[in-house]
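Inspection log for the structure reproduced underneath, given as structure tokens.
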Amino acid sequence: MNEVFESYLTYSAGVRQFTKATIDSYKNDLIIFEEWLKELDLNIFELKASDIRIFIAELADKKIAPASINRMMSTLRGFYKYALRFNLTKMNPISSVRNLKLAQKLPVFMFPKQAQEFCRLPSNAGILWETRDAALFASLYSTGCRVSELAGLDIKDLDKTLSYAIVFGKGKKERKVFFAEFAKEYLREYLKERSDLVEKFKGQVQKDGKGKIRDTLFINQKAQPLTSRGIRYIIDRYVELSPELKHLSPHAFRHSFASTLITRGADIRVVQELLGHESVSTTQRYTHITAEQLQNLYKTAHPHS
């Protein structure tokens, strides 16, 4: 890979402290961009906005999804900001290039009853680790955490009464999230079993991707940290058992958390804080969900609808 791209990735990982998943995503985007530059024999620091638009058009011709193209543009914006900051260039060809318009899709979510039924699903399914999986689902729904945030949660981040936890979101921003009573019950049961399992595998120290010792809250059956990918796999296994929720994604727990709060009258700024959104406009997507819910309820219940 181009030396300048490599230095940008090193900077993003070390100074900006972006996650490994983010760095991997940036790397993939830059590899695609570099291949395109080589094909046309172009210099990265001599490009014009028109060149970037041609690159976008070629990606679209290859049926790359608009959201993926926009993500790639975000990667390039970050790179050129870095290049400008360290005087590698005086030009930013992407500054005037707009993102592609995306079709507005409402987030997939569960109603409270569905979410609680999903949390009870492991006890009847007889697959994987029932107690852990119930605690995992209840924690996702109760806190509104991202999957990556829950995977990054250590025992030390929990309040002693299990009332709340401190999580680290995007950009390493710290926030407090809360566990509902039903989630606390699932967690207490899981923590007992977890303690027994850790004792069984005593001596096999938990380590993260960087080799640092951890005491991760959610672990696999070998007492090692459960990764974001592992959590997604677990959710997918249970979704297979629920035909009515076949389109459910791991992020749906977070969507369900937000829509439940807003439906019950929570202030949108409070919901924004609990979700860790930088902009309230991101949180406002969930007001569209509740508006649709009300409309459907009206159609079902009103005699003259």
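Cβ coordinates come from backbone N, Cα and C, glycine included.
For Arg146 (active site), the number of other Cβ atoms no farther than 10 Å from its own Cβ, over all displayed protein chains, is 20. Mapped onto three states, the DSSP output places Arg146 (active site) in coil. Per Swiss-Prot, the feature active site maps to Arg146 (among others); the stated evidence is sequence analysis.
Less than 8 angstroms from the CB of Lys170 (active site) sit Gly276, Glu278, each of them six or more residues away in the same chain. Residues or ranges marked as active site in Swiss-Prot: Lys170 (among others).
Annotated active site per Swiss-Prot: His251 (among others), in sequence order. Under DSSP, His251 (active site) is assigned to coil, being neither helix nor strand in the three-state scheme.
Annotation source Swiss-Prot lists active site at Arg254 (among others), citing sequence analysis.
The Cβ of His277 (active site) has 18 other Cβ atoms within 10 Å, all protein chains considered. Marked as active site by Swiss-Prot: His277 (among others).
A helical conformation is recorded for Tyr286 (active site, O-(3'-phospho-DNA)-tyrosine intermediate) in the three-state DSSP classification. Annotation source Swiss-Prot lists active site, O-(3'-phospho-DNA)-tyrosine intermediate at Tyr286.
According to Swiss-Prot, the feature domain 'Core-binding (CB)' maps to 1-84, an assignment based on sequence analysis. The predicted model assigns the domain 'Core-binding (CB)' (1-84) a mean pLDDT of 93.
The domain 'Tyr recombinase' annotation in Swiss-Prot covers 105-299, and the record cites sequence analysis as its basis.
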C-alpha spacing of Arg146 (active site) relative to Tyr286 (active site, O-(3'-phospho-DNA)-tyrosine intermediate), in angstrom: 16
Three-class DSSP secondary structure - His277 (active site): coil
Residue, out of the active-site residues His251, Arg254, whose Cβ gathers the largest set of other Cβ atoms within 10 Å: Arg254
For the domain 'Core-binding (CB)' (1-84), the number of residues DSSP places in helix, strand and coil: 68 helix, 0 strand, 16 coil
